[in-house]
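K.L.:
So TrEMBL lists these for the protein:
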SIGNAL    1-23  signal peptide
DOMAIN    23-288  domain 'NADH:quinone oxidoreductase/Mrp antiporter transmembrane'
TRANSMEM  56-75  transmembrane segment
TRANSMEM  95-115  transmembrane segment
TRANSMEM  127-146  transmembrane segment
TRANSMEM  152-171  transmembrane segment
TRANSMEM  178-196  transmembrane segment
TRANSMEM  202-219  transmembrane segment
TRANSMEM  239-257  transmembrane segment
TRANSMEM  277-299  transmembrane segment
DOMAIN    290-343  domain 'NADH dehydrogenase subunit 2 C-terminal'
TRANSMEM  320-343  transmembrane segment
Amino acid sequence: MNPHAKLMSTLSLMLGTTITISSNHWMMAWTGLEINTLAIIPLISKSHHPRAVEAAIKYFLVQAAASALVLFSSMTNAWFTGQWDITQLSHPTSSLLLTTAVAMKLGLVPFHFWFPEVLQGSSLTTALLLSTVMKFPPITILFLTSHSLNPTLLTAMAIASAALGGWMGLNQTQTRKILAFSSISHLGWMAIIIVYNPKLTLLTFYLYSLMTTTVFLTLNTTKTLNLSTLMTSWTKTPMLNATLMLTLLSLAGLPPLTGFLPKWLIIQELTKQEMTAAATIITMLSLLGLFFYLRLAYYSTITLPPNSTNHMKQWHIDKPTTTSIAVLTSLSISLLPLSPMILTTI
């Protein structure tokens, strides 16, 4: 890809995100979302592979439909209330339309179909952007309108997302698709708590982004696109694969790793809100995700293929991302003891 085009797309991506997260007016938020969508499309289709072009078209159609719904929702609200302020979303129909639009943008069930396909058609770095940066503006809109949203609808969508993200990830062999279903499952955890404690949703999103970035960068370093490649990558970079295993277990939410913190806090908050049944169901459904994370961890470190490749073990990798992977891995594994300090910030 042309460096100038890449720079322009990246800057537009940053600009669109900044406009959306800092705006109070619906039109500005919509403009930011549109800039974001248009900026990521060249990055998805840059390989010119038919699957990449297909992914870009799918992404464009879904995001365009979702943006139209955001516009329709805000105009309906303005028509009935005379307010263009994002926090003044008081009309129930507008609230329902906005929830649908944001669910489409995020990939929440039942609007999740596009997400695994688009991730599979993208490169690992673009898939990382789609899983983290592109989720931030819609989550910010949910955060600003959280007091107006329907808790029953969000709880139903959240539990369905956790269930489907777990079930569909079980029989996947492509790492990008597994991480796509992992993302859908984590979005379920974020959606269930947004009405009761919006700041906890943001904390969950930040920690999810941290761990997912670590996993994607590690897979990109070892050039791992499916499980069979993951099995043979241990012989090349044993230390990197060992830390990948710990990051995957953290993403699964096992104590004493970082990923346990948001799940623990969400279960605690749901219990306070007398939603013990929902907390129990979503916790049980996270066991499905745990299974495929354990399978990935098993493939990355514990198992050796019958015919291992004859590679020299690389204890040091000369890549520009090595330092960032080291820092991100450390944070992905060891933030749980700092939870009292983290809790004072939310």
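Placed from the backbone N, Cα and C atoms, the Cβ positions cover glycine too.
Keep in mind that TrEMBL annotations are predicted by a computer and have not been checked by a curator.
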K.L.:
Suppose I define contact as three or more CB-CB distances under 8 A, residues 6 or more apart in sequence; do the transmembrane segment (239-257) and the transmembrane segment (320-343) meet it?
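P.N.:
These two segments touch.
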K.L.:
State the mean pLDDT for the domain 'NADH dehydrogenase subunit 2 C-terminal' (290-343).
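P.N.:
Across the residues of the domain 'NADH dehydrogenase subunit 2 C-terminal' (290-343) the model's pLDDT averages 79 on the 0 to 100 scale.
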K.L.:
Can you see whether the transmembrane segment (152-171) and the transmembrane segment (56-75) are touching - at least 3 CB pairs under 8 angstroms, only pairs 6 or more apart in sequence?
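P.N.:
They are not in contact.
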K.L.:
List, by number or range, the same-chain residues at least 6 past the transmembrane segment (56-75) whose CB is under 8 A from its CB atoms?
P.N.:
26-27, 29-30, 33-34, 37, 40-41, 44-45, 84, 89, 94-95, 97-98, 100-102, 104-105, 111, 114, 117-118, 121, 130, 141
K.L.:
Can you tell me which recorded stretch out of 95-115, 178-196, 277-299, 320-343 has the most Cβ pairs within less than 8 Å of the transmembrane segment (202-219)?
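P.N.:
The stretch with the most close Cβ contacts to the transmembrane segment (202-219) is 320-343.
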